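As recorded in TrEMBL, the features of this protein are as follows:
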- A:28-45: transmembrane segment (TRANSMEM)
- A:52-70: transmembrane segment (TRANSMEM)
- A:76-96: transmembrane segment (TRANSMEM)
- A:103-124: transmembrane segment (TRANSMEM)
- A:144-163: transmembrane segment (TRANSMEM)
- A:194-211: transmembrane segment (TRANSMEM)
- A:217-237: transmembrane segment (TRANSMEM)
- A:244-263: transmembrane segment (TRANSMEM)
- A:269-289: transmembrane segment (TRANSMEM)
């Protein structure tokens with residue numbers, strides 16, 4: 001009961017929070033909500049299966065571009081629906097052809113996918129439409145963007161919680177441990193991975209679509225910035241990618257830290273990014289939540305039994 | 001009536017025929033040993049039946065249903081369960097979860113209470129039920145083997161393929177293991193077991209099939225096979241080698 005009640009109270013508080021903070025604070029809040037959503041959606045697929053995807057920005061950027069292209073042609077809800085469908089279709093095609101790649105090959109492929117998408121859109125804009133940049137003028141307030149992102153983040157967490165209890169979640173965890181055992185136990189590998197990959201991609205694309213009005217001016221180099229993919233991975237890993245709340249826990253402090261660093265040390269901040277990446281991998285390879293559990297278990301050995 | 005039928009199974013790896021036209025059948029409820037020297041193609045044959053490898057030629061049927069050409073997960077759902085020569089457990093899952101997956105995704109596709117019950121019964125059968133919530137990664141080797149067997153049992157399979165499941169056990173564990181397999185056989189389970197430990201084969205299997213260089217060289221009663229000159233030659237080498 002408390003596990004449902006507490007998040008709901010938190011969500012209610014976050015919903016009314018814009019009434020009490022400055023515009024700058026609201027901007028930070030949107031950024032944090034965006035990264036909580038991105039990291040949680042990323043972990044929905046990559047956290048359980050251990051397929052580390054660097055394609056986050058391929059979907060995020062596609063979402064932003066969908067809004068840039070369609071915002072004058074269609075009503076806003078229809079634009080969002082289109083973005084989700086395009087992201088899902090893209091993931092379906094990509095997933096069908098590549099989810100048999102394992103380990104480092106998948107990582108490299110997913111990184112390549114983001115670059116490919118960026119180059120394709122650039123080529124299309126230059127050669128077909130003749131303009132590289134696009135403007136997004138939508139009648140949406142900053143608060144509305146925040147509420148939309150908050151809703152998407154909450155929906156992502158709810159979806160993850162539901163999947164974790166379902167057959168799909170169990171199948172994903174088995175795949176993460178050993179695909180051979182998974183297949184010989186009767187799990188349809190391709191379908192299981194594809195469902196999770198497509199769901200994750202649809203959320204990532206929607207997140208890009210929802211934040212896009214904040215950019216006002218959109219071009220491929222801006223919305224397909226690979227740093228978004230890297231940040232998402234570090235955030236999810238820091239908190240614990242295979243836990244429900246892990247990615248959110250990692251996303252909030254890291255987003256704030258990067259905001260601070262990038263505004264105060266604009267030239268040197270990638271160095272901190274690199275250091276942090278190394279630090280996370282060495283110090284908390286399983287995430288903060290798992291670390292916390294082992295620490296408390298060591299202090300009081302009986303808690304582990306109590307938990308199980 | 002044959003329950004598992006293997007007809008002219010061939011597996012070609014480049015120039016090597018690892019399985020070369022093997023045919024035999026198993027009756028329902030039968031327990032048969034699959035023998036042969038190292039590299040004779042036993043594990044490859046198990047892999048053909050379970051779908052880990054696609055057969056180059058031939059046909060394998062279970063209870064009339066054609067298995068050749070099906071994906072691994074489809075074959076598992078058709079009722080084929082297996083263990084692995086090198087034990088494979090899921091280290092980050094608990095024991096009960098390790099076992100539950102075949103109950104959930106396997107032959108009978110249970111969920112909720114039913115899956116839980118089937119998994120508990122399988123753990124009970126191999127003697128691990130008191131540690132159901134422990135992490136599988138913390139288990140000793142013999143317990144990992146037990147866990148793997150429990151996972152195969154929770155599928156409630158039509159046929160169980162054991163790939164040297166008794167290998168690497170000490171004498172006490174071995175006799176426990178033999179008793180366990182005997183109990184499964186007496187419960188009506190059809191079992192095909194690759195095994196090098198001849199005492200275990202004698203104790204468990206009234207009939208054996210013997211492979212050498214990918215071919216079937218004997219399919220007869222265990223005592224007859226173990227005194228068959230061609231089998232002895234295959235194991236100990238021919239006169240030229242000796």
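From the backbone N, Cα and C atoms, a Cβ is placed for every residue, glycine too.
In terms of C-beta pairs under 8 Å, the stretch of A:28-45, A:103-124, A:217-237 lying closest in packing to the transmembrane segment (A:194-211) is A:28-45.
Counted over residue pairs 6 or more apart, the CB atoms of the transmembrane segment (A:217-237) and the transmembrane segment (A:76-96) come under 8 Å in fewer than three pairs, which marks the two as apart.
Same-chain residues lying 6 or more positions outside the transmembrane segment (A:52-70) and placing a CB less than 8 Å from one of its CB atoms are 38, 42, 45-46, 78-80, 82-83, 86-87, 90-91, 94, 106-107, 110-111, 113-114, 116-118, 121, 134-136, 138, 201, 204-213, 215, 218, 220, 223-226, 228-230, 232-233. Within the chain, the transmembrane segment (A:103-124) has long-range Cβ neighbours (under 8 A, six or more residues past its boundaries) at 51-58, 61-62, 65, 94, 132, 220-221, 224, 226, 229.
Residues 7, 11, 14-15, 18, 26, 29-30, 33-34, 36-37, 40-41, 43-44, 169, 172, 196, 199, 203, 206-207, 210-211, 213-214, 244-245, 248 of the same chain lie 6 or more positions beyond the ends of the transmembrane segment (A:144-163) yet place their CB under 8 Å from a CB of it. Within the chain carrying the transmembrane segment (A:244-263), a Cβ under 8 angstroms from the stretch's Cβ atoms is held by residues 28, 31-32, 35-36, 38-40, 42-43, 47, 153, 157, 160-161, 164, 231, 234-238, 269, 272-273, 276, 287-289, all 6 or more beyond its ends.
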